[in-house]
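> Following this message is one structure expressed as C-alpha cells.
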Amino acid sequence: MDPSTFAAWEGASAVFTFGPGSAGMWLFLLGAIGVGLGVLGRMIIQENQTFRSLDPDLVKEGGLRGANI
Amino acid sequence: MEEQLSQLQSTVELLSAIEMEMYYWWCTAIMVLIHAGFLAYEMGASRVKNSLTAGVKNILALAYLIPAFYFVGWWIYNAFPGGFTITEGASAAAPWSSSMGPNLSDKGTGIFWAAFTLFGATTASILSGALIERIRLSAYVILACVLGAGVWILGGAWGWHPDGWMLTELGYHDIGAAGVVHTVAGFFALGVLINLGARVGKYGPNGEIHDIRPHNLPMALIGLMLIIVGFFGFLGGCIIYNVGGDWTTIYGNPSNLSAFGFNTLMGFAGGVIGAYAISREPFWMMSGALAGIISAAAGLDVYYPPVAFLVAFVGGCIAPIGGRLLEKAGIDDAVGAVSVHGFAGVWSLIASGIFLHGYPNVGDLPDVTFMGQVIGAAVMMALGFVPGYGISLAMKSMGILRVPEEVETLGLDAVEVPSVAYPESSIPARANQ
C-alpha cells in the first residue's frame, strides 16, 4: 500500500496520504471512527464500574465534610 | 502588454485566494478562545468538587466534535439546504471526497470546514455549561456530538446557506447566527435540562430555590470575557471573503467588516448595561454582554448602531429575567445558557423582523419580513428542542444520562477525573482509584 499517489508536484491536486477513494483512505477513515466510538464506549463502561464500586470511606468523608454542598 | 496584464491578474487572484485562507485561518484561531473562555467559565461556575470534570467535559467536547464534524457535519451542511432531501453533489463534502483533505487545487473547503467546525463546537459548549455538576461525561460527549455535528448544522443548511430553504422561501436573515447557532443550542439545552433534572440541593422539599454559588466567580468572569474575544472570530467568520470581489454576507448581500465592527461593540455595551440595570450581578453582566451581541447578531450587517445598542440592551435585560423565570419553573440551568443563548437568540430574530422588515434580499429571493423572521425563530426553537428532549429522554430511560445521587453528592471529580483541582486545600476531591 503506497501512501503517495503522485510522482511529481506539478499538476498534483489531492495530495493527502493514500489519495481519495483508496483502500488506505477507507482503512484510516473507518479506523478513526472506530477509535472515537471505542473510547466513548470504554468511557461508559468505566463510569458504570466506578459508580458501582464507590469507596465507602470516600463517600463518608465527602459527606462528613459537606463536600461543598 | 496583454501577457503582463494576464500575469498580473493571475497574481492578484492568487494573492486574494491566499488572503481569504489567512482571514478564515485567524478567525478560526480566535474562535478557539471561545473554548478557552467556556473552559474557565464552567470550571469557575462549578463547585470545587466538580470543577475538573467541568473542564474535562469542555476539552473532550471540542476533541470529539472536530472528527464528528469531519465525518458527518460538513456533509449535512452541503446535503440538506432544501430540507430533508439530499442535494445533488453533496458527496463532495463527504469525508471520502478529494476535497476533504490536503488538495492543492482547493483553497476553500478545508478553511471553511475549520470555521464551521468551530461554530459547531460553540454549540456544544453552550450546552455544556447548562448541564454541569450532574451529567455523565459520556452522556455529554454524545449529546455534544449530536448537537454540534448534526442538529445545528442542519439548521445551518436551512437558514445559513445561500440555497437554504429558509432564505429562498422566507427571506430569512440571520447574519450572525443568532438562530442557527444560539437559538438551536439554547433550546437543545432546554430539552436536555428537562430530562436531566436539577442538581441535588438546588430546590428544597417545598420547592424553595437555593443558590448554588460558583467556586471561583473571578475565573468565570474572565472566561466570559474570553468568550467575547472569541466572538470576534466567530462573527468575522460569518462574513464571506469573496476572492476577486467585495465582502458579502452568507446570503449574498454586500456588507463589510465596518458594519460588524459598529454593531458587535454596540451589542456588547447594550447587553452589559441591560443586565446591570436588571441584576447588578457581575455574572449576569458578563452573560449580558454575550446576550447583547447575540441579540444584535441577526441584523449585524445593517443595524444603525444605536438600534443595535437598544436591541442588545433589551437582550441584556432578557438574560437575567429569563434565567430567573426558568429557575422558578424548576429548570436548573447552572450558567443561564438557555436564557443567554436561547431566549436572546429568539429575541434577535424577532428584533430583526421588526427593524429589517422590507429589506431586500439579492436577486429573486423574497424580502426580509417580520413573519419570516418569527417563523424562522420557531423553526430554530423546534429544531433545537425536539432532538434535545427526545435523545436525552431515551438516554434517561437507559440510565446513562445522569450520575447517581451519591456520586453527585460526593462530587464528580472524585469518580470521573484521576486528578485533583486544589490538592493543597482541605476540600475533598480525591482521584479516582
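Glycine residues also receive a Cβ, built from the backbone N, Cα and C atoms like all the rest.
From TrEMBL, for reference:
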- B:23-44: transmembrane segment (TRANSMEM)
- B:26-422: domain 'Ammonium transporter AmtB-like' (DOMAIN)
- B:56-77: transmembrane segment (TRANSMEM)
- B:110-132: transmembrane segment (TRANSMEM)
- B:139-160: transmembrane segment (TRANSMEM)
- B:180-198: transmembrane segment (TRANSMEM)
- B:219-244: transmembrane segment (TRANSMEM)
- B:256-276: transmembrane segment (TRANSMEM)
- B:283-300: transmembrane segment (TRANSMEM)
- B:306-326: transmembrane segment (TRANSMEM)
- B:338-358: transmembrane segment (TRANSMEM)
- B:370-392: transmembrane segment (TRANSMEM)
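I'd like these features described in context: how deep, what's nearby, how far apart.
Long-range contacts of the transmembrane segment (B:23-44) within its own chain (CB-CB distance under 8 A, at least 6 residues past either end) are made by residues 51-52, 54-55, 57-59, 62, 111-112, 114-115, 118-119, 121-122, 125, 128-129, 132, 214-234, 236-237, 241, 335.
Under 8 Å from some Cβ of the transmembrane segment (B:110-132) lie the Cβ atoms of residues 20-21, 24-25, 27-28, 31-32, 34-35, 38, 41-42, 45-46, 50, 53-54, 57-58, 61-62, 65-66, 69-70, 73-74, 77, 100-103, 140, 143-145, 147-149, 151-153, 156, 177, 181-182, 184-186, 188-189, 192-193, 196, 233-234, 237, 333-335, 337-338, 341, all in the same chain and six or more residues away from its ends.
Within the same chain, residues 57, 60-61, 64-65, 68-69, 71-74, 76-81, 83, 116, 119-121, 123-124, 127-128, 131, 166-167, 172, 174, 177, 179-181, 184-185, 188, 192, 250, 376, 379-380, 383-384, 387-388, 391-392, 395, 400-402 sit at least 6 positions outside the transmembrane segment (B:139-160) and bring their C-beta atoms closer than 8 Å to a C-beta of that stretch.
Within its own chain, the transmembrane segment (B:180-198) has Cβ neighbours under 8 Å at 119, 122-124, 126-127, 130-131, 134-135, 143, 147, 151-152, 155-156, 158-160, 174, 294, 297, 330-333, 337-346, 348-349, 377, 380-393, 395-396, 401-402, counting only residues six or more beyond its boundaries.
Tertiary neighbourhood of the transmembrane segment (B:219-244): same-chain residues 12-13, 16-17, 19-20, 23-24, 26-45, 115, 118-119, 122, 175-177, 250, 255-257, 260, 264, 268, 282-283, 286-287, 289-290, 293, 297, 300-301, selected by CB-CB distance under 8 Å and a gap of 6+ residues from either end.
Sequence-distant contacts of the transmembrane segment (B:256-276) (same chain, at least 6 residues past either end, Cβ-Cβ under 8 Å): 228, 231-232, 235-236, 238-239, 246-247, 284-297, 299-303, 305-306, 308-320.
Here the transmembrane segment (B:283-300) has long-range neighbours at 173-179, 182, 214, 217, 220-221, 224-225, 227-228, 231, 235, 238, 259-260, 263-264, 266-276, 307-308, 311-316, 318-320, 323, 335-336, 339-341, 343-345, 347-349, 351-352, 355-356, 373, meaning same-chain residues at least 6 beyond its ends whose C-beta is under 8 angstroms from one of its own.
Distant neighbours of the transmembrane segment (B:370-392): 142-143, 146-147, 150-152, 154-155, 158-159, 166, 170-174, 179-180, 183-192, 194-196, 298, 342, 345-346, 349-350, 352-354, 356-357, 401; these residues of the same chain sit at least 6 beyond its ends, with a Cβ under 8 Å from one of its Cβ atoms.
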> What mean pLDDT score does the domain 'Ammonium transporter AmtB-like' (B:26-422) have in the model?
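A mean pLDDT of 95 is what the predicted model shows over the domain 'Ammonium transporter AmtB-like' (B:26-422).
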